[in-house]
Amino acid sequence: MSTLFIISILLFLASFSYAMDISTIEYKYDKSSAWRTDEEVKEIYELWLAKHDKVYSGLVEYEKRFEIFKDNLKFIDEHNSENHTYKMGLTPYTDLTNEEFQAIYLGTRSDTIHRLKRTINISERYAYEAGDNLPEQIDWRKKGAVTPVKNQGKCGSCWAFSTVSTVESINQIRTGNLISLSEQQLVDCNKKNHGCKGGAFVYAYQYIIDNGGIDTEANYPYKAVQGPCRAAKKVVRIDGYKGVPHCNENALKKAVASQPSVVAIDASSKQFQHYKSGIFSGPCGTKLNHGVVIVGYWKDYWIVRNSWGRYWGEQGYIRMKRVGGCGLCGIARLPYYPTKAAGDENSKLETPELLQWSEEAFPLA
């Protein structure tokens, strides 16, 4: 075995080991000193590339992405050197400009949202009334009603992931079965929405109702591209969907106390792109462009499930500050939830893979 080969193996193993612990590098920045050297940034860049299996088309693209990475790292360092309620860090999107990030990963269509706001029936089921005795805290992950975090990839299908997540949860709450369902079926078959180019929750819910159910992820796996609609089983069904009273965080809290709810938010800021941990407090606007799911709350924040994989945020989650009214990033402007009768036997048919919940699978805030 050649010496060169042995050295190559050792370098690979070393880079792999460092990449797995890249978080220890992220915050070694002291604002009182000069910023990182190019050599230090290049080392961090190489470790980050290894961790996320990034491969570029050539040297020109590699250098272009390095410059973007360097700018983002400086932005992250400067934020973390100040007094904030949350930290930013290296995410899978640190080699993207904010404009590129928005174009690829934000997929809730604001044009559709504005049309639907005038037509959707808002339920008074979760209208907040003085004297309502709500739990001080709730976390549906702890109750085994949430599947592991998923990853939408380079496809603007957040609308499908957030809708499916709430259907998975209400099905578990009503039947006791936690089943991972198919986002790809919605991307391929829900023609009122736009596949990887965005969509709306209500059209996704209506498709599941009209279709008589939705298939499992195992039967109809995710591809991150829109393809032809193919035959699918009707494993889990819902009865309907309702809107929570708009711009009322107390009503939203009441809804989440009963079941996870889908919401649209403004996720376009650089701070959101690079969020790593803590209670996110902005900045952000109220232009709704990304679908997520509220799976719980604490006294001053929401526990929000994203669909960008476990390397973003707190293992795929973000804690967002509760501010009242329409909420931070517009989180209370357009909340919905699916409805399903208790004891619906349909969701117990043809379900070969029930998920076993374990606390290790979820980073509890």
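The backbone N, Cα and C atoms fix where each Cβ goes, and this holds for glycine too.
These features come from Swiss-Prot:
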- 1-19: signal peptide (SIGNAL)
- ASN83: N-linked glycosylation site (CARBOHYD)
- ASN121: N-linked glycosylation site (CARBOHYD)
- CYS155-CYS196: disulfide bond (DISULFID)
- CYS158: active site (ACT_SITE)
- CYS158: E64 binding site (BINDING)
- CYS189-CYS229: disulfide bond (DISULFID)
- CYS247-CYS326: disulfide bond (DISULFID)
- CYS284-CYS329: disulfide bond (DISULFID)
- HIS290: active site (ACT_SITE)
- ASN306: active site (ACT_SITE)
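Summary for the disulfide-bonded residues CYS229, CYS247, CYS284, CYS326, CYS329: the Cβ-based neighbour count within 10 Å is maximal at CYS329. The two recorded residues, ASN83 (N-linked glycosylation site) and CYS158 (active site), have Cα atoms 31 Å apart. Checking each of the disulfide-bonded residues CYS155, CYS189, CYS229 against CYS247 (disulfide bond) by C-alpha distance, the shortest gap belongs to CYS155. Closest by Cα distance to CYS158 (active site), from the recorded positions CYS189, CYS229, ASN306, CYS329, is ASN306. The shortest Cα-Cα distance between CYS326 (disulfide bond) and any of the recorded positions CYS284, HIS290, ASN306 is the one to CYS284.
Counting every protein chain shown, 26 other Cβ atoms lie within 10 Å of the Cβ of HIS290 (active site). Highest local Cβ density among the recorded positions ASN83, ASN306 belongs to ASN306, counted as other Cβ atoms within 10 Å over all protein chains shown.
CYS189 (disulfide bond) has a Cβ environment of 21 other Cβ atoms inside 10 Å.
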